[in-house]
Structure formats: C-alpha cells, structure tokens
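So that you can see what the record holds, here are the features copied from TrEMBL:
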DOMAIN    5-268  domain 'Pyruvate carboxyltransferase'
BINDING   ASP14, HIS202, HIS204, ASN239  Mn(2+) binding site
REGION    394-513  region 'Regulatory domain'
Amino acid sequence: MSDKLIIFDTTLRDGEQSPGASMTKDEKLRIARQLERMKVDVIEAGFAASSNGDFDCVQAIANAIKESTVCSLARANDRDISRAAAALAGAQRSRIHTFIATSPLHMEKKLRMTPEEVLEQARQSVRFARNLCADIEFSAEDGYRSELDFLARVVEAVINEGATTINIPDTVGYAIPELYGNFIKTLREKVPNSDKAIWSVHCHNDLGMAVANSLSGVKLGGARQVECTINGLGERAGNCSLEEIVMAVRTRRDYFDLDVGIDTTQIVPASRMVSQTTGFVVQPNKAVVGANAFAHASGIHQDGVLKARDTYEIMRAEDVGWSANKIVLGKLSGRNAFKQRLQDLGIEMESETEINTAFAKFKELADRKAEIFDEDILALVSDESVTAEKEQYGLVSLAQHSETGERPHASVVFTVDGREMHGQSDGNGPVDASLKAIESHVKSGAELVLYSVNAITSGSTESQGEVTVRLQHGGRVVNGVGADPDIVVASAKAYLSALNKLHSKADRVAAQG
Ligand code: KIV
Ligand code: ZN
C-alpha cells in the first residue's frame, strides 16, 4: 500500500506575507472554502496572535471549515499559543503550529538566545501547546542552516513533549535538492524517536528550487507532508507551489509511489481565485496553471496532439480544472443554466439573493459580450458587489472622452456609504482622468504603487479587461481588482475596490516573528 502525502496549504499565512497580498476576512474565507473543496489536508489560516484582524480570520475559518484541519501559527511562547488555541476553539479539527529559529545566525543575531535557551523554550512551548490541542506541529525556523546535532536534540525533545509533526524549513531558499533531501534523511536517522512524528518540508523559492527541494525532501528524506501555497505565492520569490507538487506526485506516481487526496479539478479555480484576490498575476508559462500550460502553438506539436494526445501532453487540461468546453453561456442562457455552471465551477453562493445579483450581472455582461467563458464567470463572482454585504464605495456610472491631440476628460458617479458623488477630472489618459475624478472627492492621499491590465480570456479584443490597482497609505498596502469589457470602467472598479480595503477596519502586523 502507498503512503499518503499530506498537503499543508499556507496561502493564507505565509502566502499573505508577500508585500501587497494581504486579504480581507471575506476573501480569506472564500479561499479557505475553495481549499476545502480541493480537499487540502491542512489549511494554515493565519497567525492568530499577530493582530486582532488575524485572530478574527483564523476564528472565522475555524468555524466555517468542516473537512480540512485548520491551523494557526504561533511563536514558541505561551501567549501566542493561547491565542492560537482560542481562535481555533470552534474547529472540527485543529492544529497549533509553533516555531522557533534554530540556526546559529538566527539564534545569535535575531533571538539573542543561547542554543540551550532555545532548546528549553521549544520544549516548554510544545508541552504547553500539547495541553491545549492534540495536533501539534513544531517548526525549526531556518532549520536547513542549523547545526545537525543541535537540531536533532531539539527535535527529539519536542517529539518527547508530544509534537506530532516536525517541519524543517528552508526559510531563506538556500537549499539544493540533493543536499536538502539528504539533510532530512540524516536528521531523521539521528533522532531516536523520529518515527513518532510525521516529517514535513517547507521550502522558499529564492533560487527557484522550492518545488525540487520539497520533492527531494519527500523522496530522499522520507517527509510525508509538504507545505505549499497556491501559485507559489509568498514572501520574496514565494513558497513551494501547491499545483506543481500535487501534479508532480500524481503524474509521476511510478516514481514517488504516494497518494495525494487533492481533487485536482479544483486547482485552476483556486489559482484564479488567489490571483484575482491578491492581484498577483500568474505568468502565462507557469506550470499547470499558466494560460499557456496546455497551449500548443507549433505546427508539429499541434499535429502530434491531434493524432495522439500523449505525444506532447503529460497531463490532461481538464484534470486540473481547465474546462474542455470553454464557451459556456451566452445572452439566451437562463438562470438554471447559470446556476448549474456555478456549481460545475465549484462556486457556492451563500443565498438565492447572491445568485440573483450574480445572474443580473451575468445578463448585463452577456448583453455586451457574445461569448461568456468560465474565466468571465469567475471574475464576475469575485466582484465585491456580488459577494460582499455592504461596501463603502461602489461604481454607478462613468463617462469619458478622449481624442487625438486633446486632453482626456472623465466624469464618474460613485456611491460613498450609499450617497451618490459626481467627480470630474482631466488626465494624461482616460484611466488617469477617471481615477483622478474619484480622488477629487475621496482625497485618500494613497499612493498608486501598481496598475496592471490583463485580458481575462486570451485571443480576442472582445475579452474583459481585468485591472489590478495597488494602493499604499500609512504603512498599509492593499490590492483592488475590477473586471469589465471596458478597461476604463474596470480601472475605476479596481480603484474603488482598493479604497474599500484601505478604509476597512482590519488591522494587521507582519505575520512572522
Ligand atoms: O519559512 C519559515 O521558516 C516559516 C516558518 C514560520 C514555518 O514560514
Ligand atoms: Zn515560510
């Protein structure tokens, strides 16, 4: 019988630490539900002790998720661990994930603690956590750059205190596949009680080897849990990418001989949801989830695929959630067909009112766009005006005029707490004029640090434009996303969505100590 490989997703914790990727509670809940639909084993929902906002997110996810284990990060101290336990109290299955750095560099320069003090703190923390929760993960931060004999003593001590999972991160992405795999193997051999815990890998992507290192930790090192994020989201160059790990182990089952419990058809919807929520666009040639991952442009390849698909394809696009029939609905489609398509795409709407709002938006879009693709539907349902209860800012209408040789002008009608405002401005281009028209009333003082436009579906100028706007103000960085066939309208929607986030109450501090 094959072993199971546990998939631990940390998109909502380590992924969110990426500058500009912070998410609201509603957004995190939506992503957590998608991770559950995908049958992820463990969802790291946040770092409860880092802020009241993060505590609320972990608590809301713990209360909503029934199938996956919900986990909170905690530094190795009683306060953090108590906060994690309190936030997880409503979960069906919960895990406390506590960590302390064990490398000479981190102990001396960051923690200013001796190795013996670190060992004692790790031991005490796991003992304390074990009284609050049966499922305890211990991470040795910067584990890969730690001294092997010392690390083995720490790991032996925390397993004796009841840690059920031992995670050895390559925190700074320094490892090389063969070396990392052997490091985990040697460490397991040195720890006398190593068989009492599940071993886990957690690799960052600074040298582009996070997936390769994790797979080596599994194959050579015998790890049976991989920590990863959707689209490889994460600090600096990101984390190990979930879709690549899962599809590597699934596609090369002959080599890994491991089972993964993931419903792979939910991978593309999850990828899309994370990129739309955070504004982190997926590069077209990204493995598994990039727009070109299954596109064959060369004549020789196209000919081969038509004759026998496996000549050039090692995975089937539909197995990872790219639908075979991409044109799904049009102007004449009814509410039932729309509702069915939402279900097929794994989108759960909370109420009939939400379905009605989404359907009205769909009809509006179908009047302007002949073919509605799955991607259009996904963009439509992630539009805040469909899913959110009450937003502060909303777009009513926009008119703009631009002509060669003239300075463009825009007038925008939008609501602020239900009250209509009319803003006017000119600008360098129609987008600039529209955003200035909004700013003329809002006066947010925010700095625009990113503006990007992408076609939601490729290959046609009929496509909807998806705009991401990133605003920075008073130490906060937020993303707003808007979609519309008219990119100026999409830009105004994205700007208002970013303002909604900027003015939301959520307070958050950096999630890692
Ligand atoms: O990269 C890292 O070391 C971490 C730990 C907190 C698990 O994210
Ligand atoms: Zn990390």
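From the backbone N, Cα and C atoms, a Cβ is placed for every residue, glycine too.
Source: prediction; values computed, not measured.
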Next item on the list: Tell me the residue counts in helix, strand and coil for the region 'Regulatory domain' (394-513), as DSSP assigns them.
Entry: 29 helix, 51 strand, 40 coil
Checklist line | Number of other Cβ atoms within 10 Å of the Cβ of HIS202 (Mn(2+) binding site) across all protein chains | finding: 28
Next item on the list: Provide the number of Cβ atoms within 10 Å of the Cβ of HIS204 (Mn(2+) binding site), excluding the reference atom itself.
Entry: 25
Check: What are the other residues, in sequence order, whose C-beta lies within 8 angstroms of the center of the C-beta atoms of ASP14, HIS202, HIS204, ASN239 at the Mn(2+) site?
Finding: THR10, PRO169, THR171, CYS203, ASN205, ALA210, GLU227, CYS228, THR229, GLY234, GLU235, GLY238, CYS240
Check: So among the binding-site residues ASP14, ASN239, who's got the most Cβ atoms within 10 Å?
Finding: ASN239
